[in-house]
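A.B. asks: There's a structure below that I have some questions on.
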Amino acid sequence: MSENHSEGASRPVISRRPAAGLRADHPVHVPGDKSISHRALMIGALAVGETRISGLLEGEDVLRTAAAMRALGAEVVRDAPGSWRVAGRGIGGLTEPADVLDMGNSGTAARLLTGVLASHDLFAVMTGDASLRKRPMRRVTDPLAACGAGFHTRSGGRLPMAVRGTGEALPLHYRLPVASAQVKSAILLAGLNARGETVVEEPHATRDHSENMLRHFGATVQVEPTGDGAGRIVRLQGQPELRAADIVVPADPSSAAFPLVAALLVPGSEITLAGVGLNPLRTGLFDTLVEMGAALTIANRRIEGGEPVGDITVRASTLHGVEVPPERAPSMIDEFPILSVAAAVASGTTRMRGLAELRVKESDRLAATAALLSVNGVQVEIEGDDLIVIGCGGPPPGGGLVTTYMDHRLAMSALVLGLTTQAPVTADDAAFIDTSFPGFATLMTGLGADFSCA
């Protein structure tokens, strides 16, 4: 799919139970990690010298980040599929863009880039697609305003947004009211061009790709536990000289989740997923599935580009319900829709606790995930910020039309559900899958999935 997706062109897809299990006679490769790909492009643009990136995700979200960094003066070149070069401008060296920065569907790109822009002496305007324009930005702009940047948004703190950055950014000491890797990262990126120490306190540990990559580029980043031991305090020394570095982007565990869960649920399946990122702050889904009874093993553990990776083999398994504690939510925040699909097929009840953050994703993912299941005959309840799924102990009824709300993860979850149900499941629009997992349908049908255009 091209970089410029038309918001008006939907792509309905039907998913049916396959005649046999999902299998491959070779390791399966899913796209590069989206979170790391965004950060590699942004931090590479702030470094001195040429950064080489291999395994970059070439989905629409990351391509928007690449275009934005070019617009800000960095040289960003694609040499081959997944192989990119970034000639950085140095901290404080980005230039004012001539046009609006369109971040498409990517909340990660929009929020992280807001941090970059906040500590540069320039003016920029940022927008996004219809979905992104509904998502709140104040959780980022409120703390960043304290560093001296100015922001003007639509009502409710939504895009489009005008940013007046500052070349004299003040270092921040900020306590996150809700654990969010995006907000933490935006503050750290702004802190790169602030004199002194920037400190972020988070109530629960969130993915630490920004901290790992900043260290890889030469920044001084220290992490210590909070007093209660549940969260972390991150300290960044401002105005380092970031040095260009080589980055190997691991396979995205959030993307690997979809073929992995499909193989767990379709009888007779067995696949191996190669080089999947195993950052312990991203593996909550894998831990939960093992608790549910998944036959999941990890081999060839190694470090690539500063991140732990490994090869995951998964076999069809009989699952049972579990309770997912709220402190695990940050390590699997993007995986709750697909976990809910596994819970729907499992026996017993699965309760996922503390999911408030799902309400401000590409859609209200909490409500949308519940609707995805209920329209296909699965009993599901929302109690406060908890999602409760009463498993069918086998194939759910299915037969529903799932409204995906331009949300790639809901669309993929619906299509995986359809591989398990008695009647086919239709996703009303699968076009937005390309934002994070280009080639999803090709990969899945290659394993034996039965997808067809509606």
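Just so you know, glycine gets a Cβ as well, placed from its N, Cα and C.
Pulled these from Swiss-Prot:
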REGION    1-31  region 'Disordered'
BINDING   K34, S35, R39, S180, Q182, D334, K361  3-phosphoshikimate binding site
BINDING   K34, G107, R135, Q182, R365, R409  phosphoenolpyruvate binding site
ACT_SITE  D334  active site, proton acceptor
A.B. asks: Can you tell me how many other Cβ atoms are located within 10 Å of the Cβ belonging to Q182 (3-phosphoshikimate binding site)?
C.D. replies: 23
A.B. asks: May I ask for the distance between G107 (phosphoenolpyruvate binding site) and K34 (3-phosphoshikimate binding site), taken between their Cα atoms and rounded to an integer number of Å?
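C.D. replies: Cα-Cα, rounded: 12 Å.
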A.B. asks: Checking the binding-site residues K34, S35, S180, Q182, D334, K361, which are within 10 Å of R135 (phosphoenolpyruvate binding site) at the Cα level?
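C.D. replies: Of everything listed, what lies within 10 Å of R135 (phosphoenolpyruvate binding site) (Cα to Cα) is K361.
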A.B. asks: Please work out which residue of S35, S180 has the most C-beta neighbours within 10 angstroms of its C-beta, and give that one of the binding-site residues.
C.D. replies: S35
A.B. asks: Work out how many Å separate R365 (phosphoenolpyruvate binding site) and K34 (3-phosphoshikimate binding site) at their Cα atoms, rounded off.
C.D. replies: 19
A.B. asks: Return the member of S35, R39, S180 nearest to R409 (phosphoenolpyruvate binding site) in space, with distance defined Cα to Cα and candidates limited to these binding-site residues.
C.D. replies: S35
A.B. asks: Taking only same-chain residues 6+ apart in sequence, whose CB is under 8 Å from that of D334 (3-phosphoshikimate binding site), what do you get?
C.D. replies: S254, K361, R409
A.B. asks: According to DSSP, which kind of secondary structure is R39 (3-phosphoshikimate binding site) found in, if we only use helix, strand and coil?
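C.D. replies: The residue in question, R39 (3-phosphoshikimate binding site), is helix (DSSP, three-state).
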A.B. asks: Would you mind ranking the binding-site residues K34, R135 by how many other Cβ atoms sit within 10 Å of each Cβ and giving me the lowest?
C.D. replies: R135
